[in-house]
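Visitor: Annotations per Swiss-Prot:
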CARBOHYD  ASN177  N-linked glycosylation site
CARBOHYD  ASN220  N-linked glycosylation site
CARBOHYD  ASN256  N-linked glycosylation site
CARBOHYD  ASN274  N-linked glycosylation site
CARBOHYD  ASN279  N-linked glycosylation site
CARBOHYD  ASN283  N-linked glycosylation site
CARBOHYD  ASN483  N-linked glycosylation site
CARBOHYD  ASN490  N-linked glycosylation site
CARBOHYD  ASN498  N-linked glycosylation site
CARBOHYD  ASN505  N-linked glycosylation site
CARBOHYD  ASN552  N-linked glycosylation site
CARBOHYD  ASN564  N-linked glycosylation site
REGION    636-693  region 'Disordered'
TOPO_DOM  1-49  topological domain 'Extracellular'
TOPO_DOM  71-149  topological domain 'Cytoplasmic'
TOPO_DOM  170-320  topological domain 'Extracellular'
TOPO_DOM  342-395  topological domain 'Cytoplasmic'
TOPO_DOM  419-598  topological domain 'Extracellular'
TOPO_DOM  620-739  topological domain 'Cytoplasmic'
Amino acid sequence: MLFSKSGRTIFPLLPPYGVQDPNGVQGRVIPVHPDGSTPYLGLRARLSQVWLNRWTVLLLLVLARVLMAASSIKTDMNRAKSEALSACTSVESMGDAMVSMPHYLAEGVNELTADGVNAAIDGLKMLLMLTLTGVEELVIFFVKVMYQTYLCLFTLVVHGVVDVGLSLIEDVTDVLNSTVKTVAKDIAKVTETFEDDYNTLISKINGVASLFGGSVPTLNISSEIDKLENVQLSSSIDKDLQKINDSIPNFNEVMNFTENVIRFPFDEVKKLVNESLGNYTFNASALPVPAKKTLTFCDKNDGINSFFAGATDIILTARKIFIAILVVAAIIACVPMAWQEIRRWHTMKERSQLVRKEAHDPMDVVYIVSRPHTAAIGIKAASRFSNSRRQILVRWVIAYATSPAALFVLLLALAGLLSCLCQFILLSAVKRTVPELSNEVGDFAEEVVDVLQNTSAQWANDANKVIQNVDDELNDHVFGWVNTSTGALNDTLNTFVNKTIGVLNDTFGGTLLYEPLLDVFDCLVGLKVESVQKGLTWVSDHAHIDFPLLPNDTFSRGAEGSLNSSDASESFLADAGDETSNKITEVVYKVISALEKALLIEVIIASCILLVWVINAMFGIIRALTLFWGRDKNRGEGGPAPPNSRPNPGSGPDSHGFIDVPLTSLPSHRDADETAARSQPAPRYEVATSQGSSAAVVSSELEYPDEKVGFAGQRNALRVDGVSDLRGSSYVEYGIEKY
């Protein structure tokens, strides 16, 4: 056998020297094993492990974490369901206590209402007594002011008129008496002369007349003149005026009568008020006491069970969706990975030719072959730079950031974030159903408020009927007397006016002073009395009491207001300090909050893992930047060789699209290298003598920049002497796919 050569006892077995060397044809390799077996995996073997690719495994891990999260959420929701049902029972008990609260509060409220009514009636009694006394004295004072004012004015007018009349009569009498006597004397003198002459004439005439048997009487008017001299006005002419002056009324009788009439109804009303309200006590037992109520909304309403059943259905549906999506994604991921394996296989076969070529860094070749994708990305990024050293640094940074360890950290972080995203979607779907539970609980609260409103309204209606009966009783028995008193007072004032007018009529009736005195009385007294009567009429119309009635929401206003409050902690279904409006949704929010906190921790952990990868990549970037802008070293400092010692890279890429990258231009020390190699305890590949196309280093005007390229490790680890003296491994160059 080919592997029977002595000294080949180490594992794995290596092919004998020279069997893979070309047999006259460049690049032709003879298979080692007749059955075609190779120690590395062929294409079909690689494809058989496609389902174990990293993406499929990561997706399955994400699926496992999502299933665990769904199971955890389901368990937590079941626990929350039990707590919610327990909370519903406690809320129901609280609702029972609240709807029964009017039963316990009614007695106290009834006593408070009775005390309020009693206090109001006591105050009303005092107010009525004071008002009656005040109105009584005010009316009497007003009447006195009116009639005394009128009496003074009346006395002034009458006495003045009578005094003026009497004085005038006396003056007229004196003038008349003196004037009449003087006139009488003068008339007597004139008439005496006339009488003498007339009598003389008559006597002569009688002398002649006697002849005829007749006679003419003589004139004698002295007696009438004497009467005229003795004429004087009678002293009784001023007796009537004096009688009027002495008979001016003082209205004492009218005032006494009026005052007695006014005081009588007031005294009677006071007596009735004292008798009616003196010992009045409102009967608190007449107010109703509501019966106790019981609520059963937890038993009749299946909202909580339906909510958690719906939440469980959402979790199961989401779990099925995630299983389908992630499993399909994991299966679909096998397709590009299979295609990638095929490309990787062919790329690796193509790039394995680099091993047989000289002027390549073996470590770079191994990296390119083993990591084709990251190496291709590095080469693509490095192609943007013309400087070979910078190209190498760019490729190094990408290789540093995409090393197996770094990629493991990166993929672990991405898988964690993807798992968190799936959990967040699942949790958000559950969280969106919480308003449904809040609506159900809101219905509970509204039911409690409705029962409270009905109980409160019924109690208020019954209590208001009792209060209205008290209003009617007081209005009939107390203010009815007030109405009677005001009517009697109006009648009294009318009597006062009529009596006064009667006195005036008796005194001045038929005289010139009667009409003026009536006008003065109407002006001074009548108009004022009319105003007082209008006021008394207004009092009579408005003299009634209306105690304030109890509102229908006496016992339900606070609970109803808590439902409309913007502060959720004010809800009557919440404990003091709760952030939610009720205990039931508080249980669900606690579960969701705990899951959110756990999810946040996972996000932080995944982010920290991603940050580790970022920090690692930054280390590589910083290191590359320090070298990126560094100064080039000369030959003595380990810099590149002179341009004329470089191998000719050729005019372009080969048939596979690769460009030879020169490793070094050091002179060959083949003998020393072989001597050192043979001194090692393990066998090593022998250099195959070949007359390949790359025989010697030829200077060309197409030369690489003067930079150090391709060293990985010791500077003189590899030596190339211008011929293809690197033995290529035949394990990567078989023409057919192997298992």
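Quick reminder: no glycine exception, Cβ is built from N, Cα and C everywhere.
Small disclaimer: the values here were computed from a predicted structure and weren't measured.
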Visitor: Cβ neighbours within 10 Å, counted over all protein chains: which one of the glycosylation sites ASN279, ASN498, ASN552 has the most?
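Guide: Counting Cβ neighbours within 10 Å, the top one is ASN552.
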Visitor: Just counting, how many other CB atoms are there within 10 A of the CB of ASN256 (N-linked glycosylation site)?
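Guide: Its Cβ shell of radius 10 Å holds 10 other Cβ atoms.
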Visitor: Given a separation of at least six residues and a C-beta threshold under 8 Å, show me what packs close to ASN283 (N-linked glycosylation site) in the same chain.
Guide: ALA114
Visitor: Return the residue, from the listed glycosylation sites ASN274, ASN490, ASN505, with the maximum count of other C-beta atoms within 10 angstroms of its C-beta.
Guide: ASN490
Visitor: Can you figure out which of ASN256, ASN490, ASN505, ASN552 (the glycosylation sites) comes closest in space to ASN274 (N-linked glycosylation site), comparing Cα atoms?
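Guide: Sorting the glycosylation sites by distance from ASN274 (N-linked glycosylation site), the top entry is ASN490.
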Visitor: Going by DSSP, how much of the topological domain 'Cytoplasmic' (71-149) is helix, how much is strand and how much is coil, in residues?
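Guide: Residue counts in helix, strand and coil order: 78 helix, 0 strand, 1 coil.
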Visitor: Based on Cα distances to ASN552 (N-linked glycosylation site), point out the closest of the glycosylation sites ASN279, ASN490, ASN505.
Guide: ASN279
Visitor: For ASN256 (N-linked glycosylation site), identify the closest of the glycosylation sites ASN279, ASN490, ASN505, judging by Cα separation.
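Guide: The answer is ASN490.
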Visitor: Pop the Cα-Cα gap between ASN279 (N-linked glycosylation site) and ASN490 (N-linked glycosylation site) into the table, whole Å please.
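Guide: Rounded to a whole number, the Cα-Cα distance is 31 Å.
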